Each structure stands twice: as C-alpha cells, then as structure tokens.
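K.L.:
There's a structure below that I have some questions on.
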Amino acid sequence: MSIQDFKDVNIITAFITPFKEDGSINFAALPKLIEHLLAHHTQGLLLAGTTAESPTLTHDEELELFAAVQKIVNGRVPLIAGVGTNDTRDSVNFVKEVADFGGFSAGLAIVPYYNKPTQEGLYQHFMTLADASDLPIIIYNIPGRVVTTLETDTMLRLAQHPNIIGVKECTNLDNIAYLVDNKPDDFLIFTGEDGEAFHALSLGADGVISVASHTNGDELFAMVEAIEKSDIKKAAGIQRQFLPKVHALFSVASPAPVKAVLNHQGFDAGPLRLPLVACTDEEARRIIEIVEK
C-alpha cells in the first residue's frame, strides 16, 4: 500500500453498489460490471463512496462488498475504500479495519459533515486518521455535500504527512490550480467532477474519480490520453461531446441516472435505496439517449 500503487492511474471509477429488488446487495452482478469497467479504461475503483450510496450501507455490508470486489479484481487495479465519517474515533476504527483487511491501496476520508468543524478541527481529524495505521489516506473535499470546506492552506499542511497521499477535490478549478502549484511532489490531486476533468488535468491534476467512466470510459480515456500528449485541440473536441453526457448523468440525484443507463445496458445495477429514488421512465429515456449518443 503506497502512492506507487497510483502510478499512471488517471481514471478511478466511483463504483456503484448494485442492489436486488428487495434492497440487498446484488453480489452476482459485480463480476460482469467490473470486467466491463476494466475493459473500458477504469484504472482504479473507489468503493463505498457517494456513488455507492454509502450512507445507506451498513458497516458489515461495506466489508462484504470490499471482500467481494477484492476477490474479483485480484490486484489488477488499485482499490480505495470509503472510510470517512463525521466521528474521528469511528473513522479511526474503520481505517484500522481496512488496513488489517488488506488489499486496499488507500482509504478515502470525507471532510466531516454536519458538525461543521473549524480548520484546526479538520486538521487534527485527518492527522489522527493518518497516524492511526499504515493505510494511505486520500481526503475527500466536497463542500456541496458536507457544507464545510477544507481550505487549500489546511490541505497543504496535511499534505506534509507521509500517509496523506492525495485529495479528491470537488471545489473549484482555482483551488486545484493552487494545490498543483504548491503541493509536495508526491501528493496526488484527483478532481471528483467529471465535467471538470479536462480543465483539471490540463492544470496538472493527476486524474479524475469518475461516475461517467461507468458508461463513457472510452471517451474519458481518449480525452486524458490527448491531454497527456499535449493535443489540447483533440482533447477539447472530446470534452465538447463529453459534457452533455456528464450533465445528463447528474440531471437527477446521482447515482439514479448512471444506474438507469447501466440497467438499460444489461448490467443489473438495480434500484436505489431510499431516500434516493430511481429516474422516472421519461427521465431515464432522455438520459440514456444523451449518454449513448
């Protein structure tokens, strides 16, 4: 488990959790979907994140999911486990559990939500997690869901810790540019916004933690490859075609749109767990038409 696991990793899929109609996890649906993703340029998988409907997963379900995916992937790409909560002690226990579990390259720890810590509180929270075990930590900064923002200067303080290896940044391009300019060389920056992948990578970010890679991985990879080859004209052309698909995938509360497309394509993504609900038939028809164009 180290930052080297992410060498040349640009596209990490924020993996959905497939459910059966009774609401239980559909473990039988995992192999087909995972093999599809790996065949279409997914270079890493994030489990039990936002797209996985993690607020509705029990702790035992998350561990079962980790074990099942780990067995299927069998070391072919790095795995990241969602380990963060708004309780530092609980998060520490989860980090230790995943570290002991083995086979995961990092844990994704969200900025604590609801209790609105100060910057110093956030700093101490993440330092405590990083000190708790040898599992590398990637910070998940998403104020749109959390309310609290981990400010860039606090992020850079945390980036000095050898066990805090990166960030999934869902703020803005100004922050990404500032982090790229000021971070340690071995600190990874992933945008968590599919629509900003073109700009973030052009600014020097390392990659994207993506929802759209479930359905449009080839396009995303082609864009990343063009940026790496400094063919900005080609990358921009792909981005112009890619953006409407991203907008469609987030036109209804995620992951309802991506599950609608995957179900249409025969991947048994299944329903969502309340309080999230599936797209209406009309919403699904419109989204599928755009995403598959």
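Yeah, the Cβs are placed from backbone N, Cα and C, and that goes for glycine too.
The active site, proton donor/acceptor annotation in Swiss-Prot covers Tyr140. Marked as active site, schiff-base intermediate with substrate by Swiss-Prot on the basis of sequence analysis: Lys168. If you look up Swiss-Prot, you'll see Thr51, Ile209 marked as pyruvate binding site. Here Swiss-Prot flags Thr50, Tyr114 as site 'Part of a proton relay during catalysis', drawing on sequence analysis.
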K.L.:
Rounded to a whole angstrom, what is the C-alpha distance between Thr51 (pyruvate binding site) and Tyr114 (site 'Part of a proton relay during catalysis')?
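P.N.:
Thr51 (pyruvate binding site) to Tyr114 (site 'Part of a proton relay during catalysis'), Cα-Cα distance: 19 Å.
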K.L.:
Among the recorded positions Thr50, Tyr114, Lys168, report those whose Cα falls within 10 Å of that of Ile209 (pyruvate binding site); none is a fine answer.
P.N.:
Lys168
K.L.:
On a count of neighbouring CB atoms within 10 A, which of the recorded positions Tyr114, Tyr140 is highest?
P.N.:
Tyr140
K.L.:
How many neighbouring Cβ atoms, not counting its own, are there within 10 Å of the Cβ of the residue listed as 'active site, schiff-base intermediate with substrate'?
P.N.:
27
K.L.:
Around Ile209 (pyruvate binding site), how many other CB atoms lie within 10 A of its CB?
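P.N.:
Other Cβ atoms found within 10 Å: 29.
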K.L.:
Can you tell me which of the recorded positions Thr50, Tyr114, Lys168 is spatially closest to Tyr140 (active site, proton donor/acceptor)? Compare CA atoms only.
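P.N.:
Considering only the listed recorded positions, the nearest one is Lys168.
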K.L.:
Distance between Thr50 (site 'Part of a proton relay during catalysis') and the residue listed as 'active site, schiff-base intermediate with substrate' at the Cα atoms, whole Å?
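P.N.:
One finds 12 Å between the Cα atoms of these residues.
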K.L.:
Can you grab the distance from Lys168 (active site, schiff-base intermediate with substrate) over to Tyr114 (site 'Part of a proton relay during catalysis')? Cα atoms, rounded to a whole Å.
P.N.:
19
